[in-house]
Amino acid sequence: LSVSNQDDAIIAKLKPKDLECESKVEMCLEGTRQDILQNIRSWVTDLEAPNILWINGYPGVGKSAIASTIVEELHSSNRFGSSFFFQREGASAMTPNALWCKVAYDLARRYGGIRKHTVLTLNANESLPTTLNIDALFKELISEPLMKSDNIPIDRLPVIVLDALDECGGIDGWRSIHRKKLMRTLKTWSNLPGRFKLVVTSRWEEDIERLFSTTRHHLIEVNSGVKVDSVSSADIRAFLLHELRQLVGRYPSLPSDWPGEEAIIHLIDSAKGVFIWIKTVVKLLESGEPRRTLEQVLSNGAGSMANLYAWILHASFPIPIGDNNKDFQTVLGTIIFSKEPLDVASLATFLSIDGSTMEYICNGLRSVLDCGGIVRIRHQSFVDFLLNPIDCPLSFLVDKERECRNLALCCLATMKRHLRFNICDLKSSYARNQDVPNLAQQVGKCIPLCLSYSSRYWASHLAEASSDNEVYGSIKYFMDHQFLSWLEVISLIKQMNIGSSMLHSLMNWLRKSNHDDSLAADMQKFVIAFAGVISQSTPHIYITALPFAPRCLGVSKQYLGHYPQTFVVRSGGYNSWPSIQNICTGHKGSVLLVAISPDGRRIVSGAEDLHRTVRVWDMDTGETVLGPLHGHSHSVSSVLFSPDGSRIVSGSHDRKIRVWDAETGEMVLGPLQGHIHWVRSISFSLDGKRLVSGSRDYTIRVWDTETGQTVLGPLQGHSGSIWSVSFSPNRQRIVSGSEDRTIRVWDAETGQTVLGPLQGHTGSVKSVSFSPDGKRIV
């Protein structure tokens, strides 16, 4: 390969596979939105302006159409860098990782300087595009390449367009870890020079408003409702007249000025600047007899968006009772809560609904539902309506809890119907998956989309479902009969990396439901031990993994008897799983302390490496999931999770304490200052409201975890460094161990020594802890 072709192959690894992240919305009608577009043009050319433009407004005012228009104008002016249009139904694939990989891919293709740096970065770290560490990905693939590309002409500086920020994270919205990670990288973008421009469109939601309230930006608000201006109303009028002309052209019997000025004004006034209201009315007129439909809209549907949607449902499904009602809620609930969109046929198969029922529902919702290929709801406002018990009629209301339970059952039922031994009819175990001829075609033929979906997402839906006999019976059947067949599927569709976390979710669900989780726990250990083998060669589930699993444990006892012709270990072999599960690598210096999160899924570490960092690791995979967190200016000597796992506290030789958000990595408290020497030990109270620290300055301090204020101390009495401190379970006592060879117990309210100094050790006391009942100290 030539150097250029080699670079192309390297850059291509960044492009997210099978991800549609381009605009699904038409551009603004020519001549409309001129005031907003001119404002944007001025911002793009002003290098002194903030580098983020935030376009916000009520749902349906046309933000995505404006974004589509910006993209087209940037293409024409040679300023287009990249674009990403979030869609709520594609939230599982539309992650911050996918966004910034797509942006890096586009920038590397369009700018030689960025391309050169990106290729060097990927050659040095091939796993970067798949890392869970979004901060490292953003730094190495976005900010550093941009900063090092100082030869881009001013008239070619890239502009990035990010549409529908509020749809990142899907139905979870602000609660989604994806959304939190994305917000963190947007904050980082704001620190780049002004020449690197980013356009963001979104609704006005609390977490987004909070981000921009502390981030320098240029704001454009698209007005609607009582704040709608004459310009927006004129734009609505232009759009409506354009659409009506198209409609009249298809009906020669209609007058050329149909439906007349009075009706047009009525519609414009009803829209109140909300383009989706007018677009929905136009879709209704297109799908029915125009005169009669308009008459009905004007007399019944004109009003709020909710009124219009309610009228559409009542008009399309006049007798929503019995199975029809249930089918409607099931189909719409699946469209809303599925982790990725499905086409009509796959949706019907997945839900076990006959084709005519699907057609009936799709035909009735043509004005709000796009059923061409992938089934999509045209606008998020219809989703909001269906979930709102105040606006949506009860017979159409979609209940999240009910539909999430149904999705879990549908996944398990789909696997029960389709999973089987050697599902792709592989002829031999001699070849790895990658060397099997035409395997991709065979996978596509033998693993339908509904099975692929179910195999990837059953655990996610199960986690959102409450326990009952039907759900437990289905999951018990899967555990007892289909575990190995399921591993075949996730191996063949190259999703083996999600297996362990899915089984962890299963274990949590079983425990929460008071069911035995021992088999599920062994299934997870089986995956952790053999994921590498299984991902390379599917048949080795039966040839290598099953025979060599510990024979006295769950998976072997449940499944080995079903495969009598596989290998049998006659002597030796494992009686238990290996002790070492993962080796976490990433720190560049000594790791001074580690702690495990309360849920047992993550590890936090502090190091004395070059950058004095804190890292958080996934317990199952050993991969860095947060960090490195920068802030300390000297070695990190103490780290700890809060009792609820939401925060991480770190103490350092720089004499300071910092508290971090355990999901986003943002510093939420600190630096807490007061100690005049190294902070050697920190500990939370059981309720998480207090933090105690011990230092080489011979003192102990107690801090309020909300305000960061010292509430007690410095407590003095030891004559050497404080190596270890800990709260009693009831928060009334603090125990400390010191270099002076003694232990002291303090009153946590008054700071008085209530016990000690306890003597007996002949060297430094480096670790102390209370028993769970608070009566003993070790």
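Backbone N, Cα and C atoms are what each Cβ position is placed from, and that goes for glycine too.
Note that TrEMBL annotation is computational and uncurated.
Taken from TrEMBL, the feature domain 'Nephrocystin 3-like N-terminal' applies to 31-203. Positions annotated as repeat 'WD' by TrEMBL: 584-627, 629-670, 672-713, 715-756, 758-778.
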- [ ] List the helix, strand and coil residue totals of the repeat 'WD' (629-670) as derived from DSSP.
- [x] 0 helix, 22 strand, 20 coil
Open item on the list: Treating G and I as helix alongside H, and B as strand alongside E, what does DSSP give for the repeat 'WD' (715-756) in helix, strand and coil?
Closed with: 0 helix, 22 strand, 20 coil
Open item on the list: From the DSSP assignment alone, can you count helix, strand and coil residues within the repeat 'WD' (672-713)?
Closed with: 0 helix, 22 strand, 20 coil
TODO: Summarise the model confidence on the repeat 'WD' (584-627) as a single mean pLDDT, whole number.
DONE: 82
Task: Secondary structure content of the repeat 'WD' (758-778), with strand meaning DSSP E or B - done: 0 helix, 3 strand, 18 coil
TODO: Give the residue counts of the repeat 'WD' (584-627) per reduced DSSP state, in the order helix, strand, coil.
DONE: 0 helix, 21 strand, 23 coil
